[in-house]
Amino acid sequence: MTTLATFIFLVTLLFVLWQPKGLDIGFTALAGAFIAVITGVVSFSDVFEVTGIVWNATLTFVSVILISLILDKVGLFEWSAIHMLHASKGSGLKMFVYIILLGAVVAAFFANDGAALILTPIVLAMVKNIGFSKRAIFPFIIASGFIADTTSLPLIVSNLVNIISADYFNISFSQYLSRMIIPNLFSLLASLLVLWLYFRKAIPKSFDANHIKKPIDAINDLKLFKISWIVLVILLFGYLISEFTKIPVSIFTGIIAFIFLILARKSNAVNIKQVIKGAPWNIVLFSIGMYIVVFGLRNAGITLILAKILEYISNYGLFSTILGMGFISAFLSSIMNNMPTVLIDAIAIGQSNVHGMLKEGLIYANVIGSDLGPKITPIGSLATLLWLHVLTQKDVKISWGTYFKTGIIITIPVLFFTLLGLYLTLILF
């Protein structure tokens, strides 16, 4: 059973990351799940349990991405980015900092995938239009992709990993926010510092800001642009209301996304079919399929091994527990993707004989490691692979070697300081 479960998991993961001839990740994961069921590695009751765990998370994620795609077509993100350029007043360093801050805000409210895949092309087009060299463009591109993950901690909806973990351990919106807002600030500050230290020689000291277009010129539909702000306020209230009413957050985000699609239907700036097609529907199938395969590892007793390791680490106190869990999940995410990692770790945490504040430390450190760890390697998250593909299409090629060298140097210190922020949160508040 152990060998078979491990084999099914590794083969499924290989095909998900490799995607031969464009094989869809949803189909691959479901195929792996089907094999796991017919071989007896998982039962039908496991299938229902997995569906119960992931349905809210994945539908929330898809809804948020749908909303962000409409906002992108309207021009909200480009409008925001142009404001950042004007605020920089010709300073390359200020522009670098403001773009990172914008990325952090977008990641918090529209998920890491939305920030990386929507904001990066906008930033790329802007720095090219300004006339930056390839050497000068690289820091802005890496920063846009990096900050999307490192600051996707504060809200449950900021990352699919967050939603999965919060649903698994029944963590409320406000409870999650109270624990992750300080770590996210630590991550933002550490990211700013580390990115600046790493790229300080490549960032231009100044640029000509006279030819940057006005923010108003980025808006493709002024009426829908104004409505967008109302939608954002309602979305935020939806997050809060879902907590007090105990109604799944996906119901609120789904209704808001549907209404927004109806409102955008008459806009010339938004192609509804294109927006709906652009949503990550395959993530729903991928989540269910991949997590069924992961449950096979649980049934085979593999997650119990990790549970024992976590129990051992917890004997050395809260700080060691947080650091250990954070770096374990980061390492696993970097080599086998953060989506299966977060659930494997969550299952192990649930199986471990760790309680109280130590268990809380494990839960949140797992989220932090699974959010930040993927930046170490290109295969750490599906978003990174897609991000690299988008850049290649725009004639910006970043080799896996270059990405790994940059990613590991930048990620490790940021991960440490973010985990330190979690430790301080738990002991002080």
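Note that Cβ sites are derived from N, Cα and C of the backbone, with glycine treated the same way.
The annotation transmembrane segment is assigned in Swiss-Prot to 3-23 (among others).
As annotated by Swiss-Prot, transmembrane segment applies to 25-45 (among others), with the evidence given as sequence analysis.
Residues or ranges marked as transmembrane segment by Swiss-Prot on the basis of sequence analysis: 50-70 (among others).
The transmembrane segment feature in Swiss-Prot is assigned to 99-119 (among others); the stated evidence is sequence analysis.
What Swiss-Prot records for 137-157 (among others) is transmembrane segment.
Taken from Swiss-Prot, the feature transmembrane segment covers 180-200 (among others).
Residues 67, 70-71, 74-76, 79, 109, 155-157, 173-174, 248-249, 251-253, 256, 259-260, 263-264, 267, 269-270 of the same chain lie 6 or more positions beyond the ends of the transmembrane segment (222-242) yet place their CB under 8 Å from a CB of it. The feature transmembrane segment is assigned by Swiss-Prot to 222-242 (among others).
Nonlocal intrachain contacts for the transmembrane segment (244-264), taken as residues 6+ away from its ends with a CB within less than 8 angstroms of a stretch CB, comprise 55-57, 59-60, 63-64, 66-67, 70, 73-74, 156-157, 173, 224, 227, 231, 234-235, 238, 270, 272, 275-276. Annotation comment: Swiss-Prot describes 244-264 (among others) as transmembrane segment.
Here the transmembrane segment (275-295) has long-range neighbours at 8-9, 12, 16, 24-33, 36-37, 42, 46-47, 49-51, 53-55, 57-59, 61-62, 65-66, 69-70, 73, 113, 160, 164, 261, 264, 339-340, 343-344, 347, 382, meaning same-chain residues at least 6 beyond its ends whose C-beta is under 8 angstroms from one of its own. Marked as transmembrane segment by Swiss-Prot on the basis of sequence analysis: 275-295 (among others).
Swiss-Prot lists 316-336 (among others) with the feature transmembrane segment, giving sequence analysis as the kind of evidence.
Taken from Swiss-Prot, the feature transmembrane segment covers 372-392 (among others).
Annotation source Swiss-Prot lists transmembrane segment at 408-428 (among others), citing sequence analysis.
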Residue numbers, six or more beyond the limits of the transmembrane segment (50-70), whose CB comes under 8 Å of its CB atoms: 106, 110-111, 113-114, 118, 157, 160, 163-164, 167-168, 224, 228, 231, 235, 248-250, 253-254, 256-257, 260-261, 264, 270, 275-276, 278-281, 283-284, 287-288, 291-292, 295, 343
Contact ranking winner - 3-23, 25-45, 372-392 against the transmembrane segment (316-336), Cβ under 8 Å: 372-392
Beyond the flanks of the transmembrane segment (99-119) by 6 or more, those residues with Cβ under 8 Å of it: 61, 64-65, 67-69, 71-72, 77, 80-81, 84, 140, 143-145, 147-149, 151-152, 154-155, 157-160, 184, 188, 191-192, 195, 232, 235-236, 280, 371, 381, 383-384, 386-387, 390
Stretch contact, the transmembrane segment (408-428) with the transmembrane segment (3-23), Cβ-Cβ under 8 Å, 3+ pairs: no
Recorded stretch, among 3-23, 137-157, 180-200, maximising Cβ pairs under 8 Å relative to the transmembrane segment (372-392): 137-157
